[in-house]
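Trainee: Take this structure, written in structure tokens, and hold onto it; I'll ask about it next.
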Amino acid sequence: MVERKGALARILPHLVLLTGVAIVAFPVYLALIGATHESSVIANGQMPLTPGGAALDSYYRAIVIGPSRTTREPVGTMLLNSFTMAMLIAVGKIAISLLSAFAVVYFRFPFRKAAFWMIFITLMLPVEVRIYPTYKVAADLGLLDTMAGLTLPLIASATATLLFRQFFMTVPDELVEASKIDGAGPMKFFFDTLLPLSRTNMAALFVILFIYGWNQYLWPLLITTRDDMQTIVIGIKKMIVTSDAITEWQIVMATAVLAMLPPVLIVIVMQKLFVRGLVETEK
Amino acid sequence: MASVTLSAVSKIYHGGVEAVRGVSFEVPDGSFCVLVGPSGCGKSTLLRMIAGLETITGGTVRIGERVVNDIEPADRDIAMVFQNYALYPHMSVYDNMAYGLRNRGTPKAEIEARVAEAARILAIEPFLDRRPRQLSGGQRQRVAMGRAIVRKPQVFLFDEPLSNLDAKLRVQMRVEIKRLQRSLGVTSVYVTHDQVEAMTLSDVLVVMNAGQVEQIGRPIDLYRKPATRFVAGFLGSPAMNFLPGTVVDARTVSIGGGTLRVAPGTGTAGPGTTVEVGIRPEDLRIAAPGEGLRVAVEFIEELGATQLVHGRLGDAPLTIQVATGEAPSGDAFEIAASPEALHLFDPATTARL
């Protein structure tokens, strides 16, 4: 009796978890399978669960040619745009946040508290809320359809600033003093000591911010109109909505799979640092 | 090498807190000066002003002939050892020691030679490639000292460097610091709240209290002739006993119903004046019945070589240190002290009479 109960108690959590995995993984599986069939198969209302034979063709057409009737740009360009945007956003956010946290924590300047609270308040104003004024400013500065316009408004980041501020405050004051005595000025201390100590935090943040940048939809939709500036997230959306042609589902699926790859790769590559950055408390 | 001279140095923090008030003293070239006092007495602030980590509100600090008030810490030609060592966690032991030299543009060969020399002196050669976190507390302490040594500074500054170590290691490192300072001959200023460290390490001992210097001198002089009740109570372990007494005549004070003789030359006051009589626990001895002051025994602490008898003389608590086996067995006994062992203090000013 007791043993049977024990066995059930052990199996049940696994069943729950497996169900969860299945729910998450099934759409991904469908996308993988969908990309391997001829365009006519899905268009006819079938959704096969076994792979077809058109995989190479689908990916080739997606990456190099693009679905000619809708987006006009190959997915390769979109991937590059998305990657550039996500990289600039992640790196930019980290650089700006590091410097502003450094200023707020280590320097006594007039209105330091005010500056800190203003940064803090922007937490309550994400892009979606301030989208009209931000668009107006970007347009007036002539940033429409440029990479700068795409990334700059998304770079200012209160979250990362706060995170680095918290981290910097745990760095012992004596380390600053030792640096002073060792003849390191403020920026030298920043680069020689603070940056290396923030390495794992930066890695964790980079992963999160890269995915944040990669998944941007609303802002790129507004700021870019040129086809060669399109990001992959918008590209997928445009491929689906067609008024005068059949949606090429196999290419949409292939594009979706391709869109998933870079964030997955980033997570895998930075996994070790990422986890350490989230859990590490030792200084 | 250089001397360190403080003239009327004071520190007032924003908000008006006076951490250090008008402190003046000189640390002669090559000597070991210890600043000791209870926490919050301003000793660390004073050290940090010498280092240049705190601004100086008033007075001047001189290192050698140079007034350093407005000179950056890195240019004061000092090295500092911090309480938590403050080693750079991401650098190897070698880099920790070499960092300051690199920032000064010391030639690479010279850096290598100096680090190797310091590592040899401190016996940390096997750890040069390790990170600080892979070292024990004592080893980190050595690295911190190594970082100070390689700079070949005019002055070493120590901010309670041993307080994070366990008792045994503390004694060992204390001896090493003393030996090192002797052999290098570098002027040193050392802050501690531990009176044993203060007594053993210092050539010049500065006892501080509430932002002011209570007494400066050779440690043994401070121990033998404390200038104030504070110094008397602070130096020495177990701490000095203080008993309320009344002056009978120039050579006698009465305490708790009995009398004790005072040595000639000891300052005293007119007959009938109340005074505080300080007697160190090790200066008290057990007297034959009827010959001394009666003490009620409360309990006895065994220290191995000696015993501490805690009791009361009248209402005043009293501690007596005797060799093991000499403690009285009853619940009361009588004590006596030689005339030289008595220190008389004015209860109002707390100054030595």
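Just so you know, glycine gets a Cβ as well, placed from its N, Cα and C.
Nobody curates TrEMBL annotations by hand; they come from automatic prediction.
Worth saying up front: this structure is predicted, and the values here are computed from it rather than measured.
Just lifted these from TrEMBL, have a look:
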DOMAIN    A:79-270  domain 'ABC transmembrane type-1'
TRANSMEM  A:12-32  transmembrane segment
TRANSMEM  A:83-107  transmembrane segment
TRANSMEM  A:114-135  transmembrane segment
TRANSMEM  A:147-168  transmembrane segment
TRANSMEM  A:189-212  transmembrane segment
TRANSMEM  A:249-270  transmembrane segment
Trainee: At a Cβ cut-off of 8 Å, and with pairs 6 or more apart in sequence only, do we get at least 3 pairs between the transmembrane segment (A:147-168) and the transmembrane segment (A:12-32), yes or no?
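Mentor: When sequence-distant Cβ pairs are counted, the transmembrane segment (A:12-32) does not touch the transmembrane segment (A:147-168), since fewer than 3 lie under 8 Å.
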Trainee: Taking 3+ C-beta pairs under 8 angstroms (sequence gap of 6 or more) as contact, is the transmembrane segment (A:189-212) in contact with the transmembrane segment (A:114-135)?
Mentor: no
Trainee: List, by number or range, the same-chain residues at least 6 past the transmembrane segment (A:83-107) whose CB is under 8 A from its CB atoms?
Mentor: 115-116, 119, 147, 150-152, 154-157, 160-165, 167-169, 176, 186, 190, 194-195, 198, 202, 205-206, 209-214, 216, 220, 231, 262
